[in-house]
Structure formats: C-alpha cells, structure tokens
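Below you'll find the structure, written out as structure tokens, and then a few comments.
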Amino acid sequence: MSVIMEESNDSVMQDYDDYEPCVCIVCFQEFEHYDELEEHCQIHNGGKPPCCEICNQSFLNESDLSEHQVVHFPDKPIVCDICGKGFKTRGSFREHYSNHTGDRRHVCDVCNKSFSHLKTLKNHYITHTGEKPYVCNICNRSFTQRTNLKRHYLIHAGEHPHKCNICNELFPDPDALREHYLSHTGDKPICDVCNKQFADVSCLNKHYRVHSSEKPHTCNICNKGFVLKQHLRLHYLTHTGEKPFMCNICYKGFSSNNGLKSHRQSHMDEKPYECDICHKKFRDKKYFRKHYRMHGMGNASC
C-alpha cells in the first residue's frame with residue numbers, strides 16, 4: 001500500500017491555532033480522531049459509571065452525562081448523546097457522529113486494524129513504515145503524526161494549552177502535565193504498553209522509545225542509532241578502543257560493563273592464591289594477604 005501525504009507543513013501552521021486534540025483524561029494520551037480516543041479509553045473503563053471530565057460528577061448513563069455537559073459548553077449547544085462532546089455546528093457534529101456509527105471499512109493491510117476514515121488509516125499506516133513526513137519549519141524536527149507537529153508548534157508559540165483538571169495550572173505539553181499530575185496523586189508513572197513502573201515521567205518518556213522505532217542518538221562514525229544517550233556513549237568506546245571497565249582480579253579492561261560481567265564468571269571457580277601453610281585458596285589477592293597475616297607470618301610474598 002502506498003501512502004501519499006498531501007498536506008503541507010504550511011497548512012499545519014495555518015490551523016494549529018484551532019487545534020483541539022482528543023485527549024484521554026486518565027493518561028493524557030492524545031489522538032487525532034475521536035474514534036481512536038474512544039477505542040483507547042476502553043482500557044481505562046473497568047465498568048465505572050460515566051463521569052464529567054470537567055467537574056468529576058458521576059452519572060447513571062451516557063445520556064445523563066450528555067445532558068449535564070451542556071452546562072459546561074454554552075457555546076457548543078449540539079451535544080453527542082453517545083460521548084457527550086459538544087459542537088458548534090451540525091456539520092461538525094455529523095462528521096463526529098459517524099465515528100460512532102461508521103462501518104470501519106478502511107482496513108490496514110499490515111495489521112488488519114480497521115478505521116472509519118481513510119485519513120485515519122493513512123495516519124496509522126506510517127506507524128508501520130517509520131516515515132516522519134511532518135517537519136517543523138522552525139527547528140526541523142520531524143514527526144510521524146500531524147497531531148504531534150501541531151502540538152509541537154505550541155511550544156514555539158509559548159502557549160500552554162494543557163490544563164490540570166484538579167488545580168487548573170497550565171502546561172505547554174502533555175509530558176509536563178503528566179509530571180505535574182503526579183504531585184496530586186503521588187503515584188509513580190506506568191508504561192501503558194508493558195505496565196512497567198518508573199520513578200518519574202522523564203524516565204517513562206525515555207522508556208517509551210523502547211516500544212517505538214525511534215532511535216534519536218546516532219553515532220557520527222558508523223551511523224548506528226540508539227534509543228538512549230548512555231548506550232551511544234558506550235558504543236563510542238568500540239571505536240576509540242578505550243576500556244574503562246576493569247576486572248579487580250586480573251586487571252583486564254573491557255569496553256562495556258556487560259563484557260566485564262561475563263568475564264568475571266570465568267573467575268568464579270578460579271582461586272589462584274594458595275596459602276602455603278593451610279593450603280586454603282583465594283580468588284582475590286587482597287583476601288589472600290589478609291588470611292596470611294592470621295598465621296602471624298607477616299606479609300605474603302606472593
């Protein structure tokens with residue numbers, strides 16, 4: 001399947017001011033289309049009653065929630081009776097409503113995932129190809145999704161569109177909002193792909209690269225890419241010949257800590273230092289000398 005991206009970066013710049021991302025209120029992940037958000041939210045549902053994302057009031061059903069949400073959207077009088085989202089015009093409402101009722105006839109020929117709109121399928125398809133067609137014309141950073149480029153432009157504009165629904169503090173990007181949100185909950189951030197827990201959001205964001213094809217740190221000698229900067233630093237040692245990891249038994253050097261660990265296994269059964277009084281053997285020269293002094297013979301001559 002060939003994917004043709006017809007939208008230019010100029011069009012992205014023109015409409016980023018009107019950008020209203022579909023954001024999950026549980027984990028703050030963003031989606032370009034509501035059907036993607038709706039599908040994602042199922043992992044958080046767990047049978048809980050529908051709840052207003054603005055005032056946290058719970059309701060018996062989605063219909064009651066929709067009725068209630070008109071209070072918060074006086075400028076968007078047309079409310080979807082399925083998800084409660086408000087709209088200014090009937091045209092935008094109809095387009096949105098097809099996400100709930102569509103037959104999802106657009107199917108990815110790689111993973112067989114189906115979508116209501118061809119545009120959504122095209123955006124999904126580049127997650128398989130690794131293509132990054134959306135480029136920031138300010139800093140040249142590239143993105144796989146138009147949504148991510150729009151969000152990125154807000155950083156250059158100095159805007160803070162992401163609001164904490166607890167204290168209303170504003171943040172420039174969802175990563176900063178996630179980190180702030182932990183100050184309210186006290187919880188450690190968890191990877192929503194593998195459920196691994198991390199000390200802070202910064203570590204979680206670095207970890208997410210493990211699940212993607214992104215390798216932003218590239219060796220300028222052989223062009224090999226790495227997920228983490230520290231992995232690139234260790235890789236450079238293979239080019240320089242430097243061996244900073246040294247065995248404390250035989251003093252052999254290694255370019256990586258893993259190489260040193262593997263080498264140490266060879267010493268596990270090896271005890272080259274033997275006491276000539278009691279014939280006890282030692283793996284380490286330091287402990288051999290300490291033992292030898294217990295015999296009252298002074299320093300070992302080995």
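Note that Cβ sites are derived from N, Cα and C of the backbone, with glycine treated the same way.
Here TrEMBL flags 22-49 (among others) as domain 'C2H2-type'.
Annotation source TrEMBL lists domain 'C2H2-type' at 52-77 (among others).
Feature annotation from TrEMBL assigns domain 'C2H2-type' to 78-105 (among others). Mean pLDDT for the domain 'C2H2-type' (78-105) in the predicted structure: 66.
Per TrEMBL, domain 'C2H2-type' is recorded for 106-133 (among others).
Marked as domain 'C2H2-type' by TrEMBL: 134-161 (among others). Within the domain 'C2H2-type' (134-161), the DSSP-based counts of helix, strand and coil residues read 12 helix, 4 strand, 12 coil.
The domain 'C2H2-type' feature in TrEMBL is assigned to 162-189 (among others).
For 189-216 (among others), the entry in TrEMBL reads domain 'C2H2-type'.
Annotation source TrEMBL lists domain 'C2H2-type' at 217-244 (among others). Long-range Cβ contacts of the domain 'C2H2-type' (217-244) within its own chain (Cβ-Cβ under 8 Å, at least 6 residues beyond either end) map to 206, 209-210, 253-256.
Outside the domain 'C2H2-type' (245-272), and at least 6 residues removed from its termini, the chain residues within Cβ reach (under 8 Å) are 234, 237-238, 281-285. Annotation comment: TrEMBL describes 245-272 (among others) as domain 'C2H2-type'.
Taken from TrEMBL, the feature domain 'C2H2-type' applies to 273-295 (among others).
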